[in-house]
Amino acid sequence: MAEGEKNQDFTFKMESPSDSAVVLPSTPQASANPSSPYTNSSRKQPMSATLRERLRKTRFSFNSSYNVVKRLKVESEENDQTFSEKPASSTEENCLEFQESFKHIDSEFEENTNLKNTLKNLNVCESQSLDSGSCSALQNEFVSEKLPKQRLNAEKAKLVKQVQEKEDLLRRLKLVKMYRSKNDLSQLQLLIKKWRSCSQLLLYELQSAVSEENKKLSLTQLIDHYGLDDKLLHYNRSEEEFIDV
């Protein structure tokens with residue numbers, strides 16, 4: 001209120017003719033015109049200290065209020081600009097981050113799909129290899145099952161013959177052991193000769209009995225058929241005869 005009264009008092013004094021002579025000399029036009037009577041009066045009557053102080057205060061008050069309003073306006077505009085710019089930049093950064101994260105997720109998803117496909121291919125290959133191995137095994141089994149019966153019978157006869165030979169050899173060894181324990185070697189040799197002669201005669205009888213009218217079996221065939229030893233019988237294959245008959 002005090003400043004408002006001072007301003008009113010100052011304007012009232014500025015309107016009076018006595019004070020107009022004081023204010024006008026401050027303008028450049030008045031100072032440039034030496035023929036004006038007001039300039040002479042202003043030179044004779046300078047501005048008082050109180051008026052200068054009031055003028056300074058009024059100018060400062062007007063300028064300060066205008067500057068404050070202007071500063072507030074500028075600051076509000078700057079704040080609006082910063083607030084409007086920051087969200088845009090933040091949203092752009094967020095969008096970029098989301099895009100990068102989506103790219104990373106897409107790359108990981110592609111890698112996972114590739115790994116799954118490779119694992120599936122490996123499983124398929126393993127299953128195929130197992131299936132091929134099982135198929136080959138089954139084929140081998142079927143082939144072995146489809147062998148001709150004649151071949152199986154021949155294998156069976158061969159095994160039976162080997163068993164008989166082993167049993168015969170074992171029986172002879174037992175006889176030899178028994179005779180050695182009870183008798184001397186001279187008697188054993190006599191028994192061997194008797195057994196050889198009996199075997200030779202038996203083979204001759206078999207040859208005459210088995211052979212047909214037009215076809216006669218050889219001693220070699222009979223010996224091979226029964227699996228006898230040529231050395232024990234003293235048989236000569238080239239001549240097809242016994243040595244000590």
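In case you wondered, yes, glycine gets a Cβ from its N, Cα and C as well.
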Annotated residue, phosphoserine, per Swiss-Prot; candidates S48, S61, S107: S61
Which listed span Swiss-Prot calls coiled coil, if the choices are 149-177, 178-206, 207-235: 149-177
Tertiary contacts of the coiled coil (149-177) (same chain, 6+ residues out, Cβ under 8 Å): 188, 227
